[in-house]
Amino acid sequence: MRKRQQSQNEGTPAVSQAPGNQRPNNTCCFCWCCCCSCSCLTVRNEERGENAGRPTHTTKMESIQVLEECQNPTAEEVLSWSQNFDKMMKAPAGRNLFREFLRTEYSEENLLFWLACEDLKKEQNKKVIEEKARMIYEDYISILSPKEVSLDSRVREVINRNLLDPNPHMYEDAQLQIYTLMHRDSFPRFLNSQIYKSFVESTAGSSSES
């Protein structure tokens, strides 16, 4: 009996899996999970090389993380910021300086969220709107995100409803709430910070030299 089984095993060719048919073991089955490293919204390094000629929305959103290009403001303009938060927020140089201060308070995500919402408002392509809306949610609204902004339950409910049919203005309530928070909470401390005072002095010195 043992010899018969041995002869059968010898007669059966071993089935080897071709290298080309092997399934990659880095496949993830949770592509919708915010904390997953292979999220469908994440641009992998190898994909960046293959799609170098095609712009990606992730790259666009990541560009918000970079300080904005701007011209040097005058001393009068910098001083006027202390009287008008709206005016400072409309000036790229003002936003950059305010952002530098927020970073020291570990609340930079508030301004980044506001900028992302402003970027979303400019979009008209429905597919791009859906992708950017989802990315904003994952980056700043989701409780799983380290950059989650502080919003009340009413605003969160509005956002969750809007996610069913995203539109460029779906985060307006949340954006206004964060804008008000920065104005009332962070802005007064910013004006008393060394960052702002030093910038005022430097611009005043530049104006006197010219």
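Including glycine, each Cβ sits where the backbone N, Cα and C put it.
As stated in Swiss-Prot, the feature region 'Disordered' covers range 1-21 out of the listed 1-21, 148-168.
According to DSSP, Y137 (phosphotyrosine) is assigned to a helical segment.
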